[in-house]
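As written in TrEMBL, here are the features:
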BINDING   ASN30, LEU32, GLY57, GLU79, ASP106, ASN135  S-adenosyl-L-methionine binding site
DOMAIN    37-228  domain 'Ribosomal RNA adenine methylase transferase N-terminal'
Amino acid sequence: MATPRLPPLPSIRDLLRLYRLRAVQQLSQNFLLDSGVCARLARAAGPLRDAHVCEVGPGPGSVTRAILAQRPAGVTLVEKDTRFLPALLMLREAAQPCPVRIVAGDVLLYDMEAAFPVSPTPWEEPCTSAYILGNLPFSISTPLVVRWLRDVSRRQGAWKHGRVRMALTFQKEVAERLAAEAGAEQRCRLSVVAQAFCQVQHRFTLGGHVFTPRPDVDVGVVVLTPLREPRVDVPFETLEKVARGLFNMRQKSILRGTQTLYPEPVRRQLAADTLRLAELDPACRPFQLTVEEAGRLSRAYLDICSVHPQLAPYEYRVHGKHGGLDLAQGVSL
């Protein structure tokens, strides 16, 4: 059943005053109050009419109103800050007969599969009529999107239902990194991992002045659409580990970055072997690599570890440059 227009409601500014709600700095809260901007964010990922929408961090419900105005089939709201529950409950009542489910909890702990009461759509078919939207707190935006990209790669969580699209806010520089192509200055680990499993579009930028309180940075709206086929043939964790190693040495050659995947004293030889297997120029810089080239490097790393499985647990961040010597024992070069 189509959702009628919302009845008259107090403005978001009035609700903030009524319930004495202020943004909490520790939660990185910045409210969107401009209805036109909210509508633009709600439309970013695609048409929401008759769709199921999960909004992360709705706060007082300004973007939620814009979502409901498009007449979705149902909405799930995940909000950690219980101060906003009275405003969201008022909105749920006004939205009838459109079902609005409110989940009071931390999205980092929430099972996203439960957000969508829809039958699964085969991955090879067009994107399912389900969307994730969110004006994300800056403090959780990067770890959250990395977790969701992992779920996309495994087709788990929300993505058990099919190819669910996301429209999310990030600090402008993070949005630029997500969308940065090979050779771009902003190219980073996040670029490679996101683009391996999703089409990434930096749709538009919002000036800090449209938020309350005003953040020190502008905000980018990014749409991530899961790909039918990933651009790499390696597990998410392997690609993420290799990309992290490469970009830890961003200004160095990929040879130096690849060396961080292995412990001493086998580091130099195995890094050279890995690049040879991947057919990559050791002098290349990490930001010059395409997703496919990073995938080849990750596949070569997996091949090395299949021969020497004791090397797989080595982590440069944990063991350090001179740690993990015991892992290199028994490796013949």
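Any Cβ shown, glycine's included, is placed from N, Cα and C.
Model, not experiment: these values are computed from the prediction.
Ranked by Cβ neighbours within 10 A across all protein chains shown, the binding-site residues ASN30, ASN135 are led by ASN135. Within the same chain, residues at least six positions away from LEU32 (S-adenosyl-L-methionine binding site) with a Cβ under 8 Å of its Cβ are CYS38, LEU41, SER62, VAL63, ASN135, VAL210, PHE211. In this structure, the binding-site residues under consideration are GLU79, ASP106, and the one with the smallest number of other Cβ atoms within 10 Å of its Cβ is ASP106. Long-range Cβ contacts of GLY57 (S-adenosyl-L-methionine binding site) within its own chain (separation 6+, distance under 8 Å): VAL78, GLU79, LYS80, VAL107, GLY134, ASN135, LEU136, PRO137. Confidence for the domain 'Ribosomal RNA adenine methylase transferase N-terminal' (37-228), expressed as mean pLDDT, is 94.
Those residues noted as binding S-adenosyl-L-methionine (ASN30, LEU32, GLY57, GLU79, ASP106, ASN135) have their most widely separated CA atoms at a distance of 20 Å.
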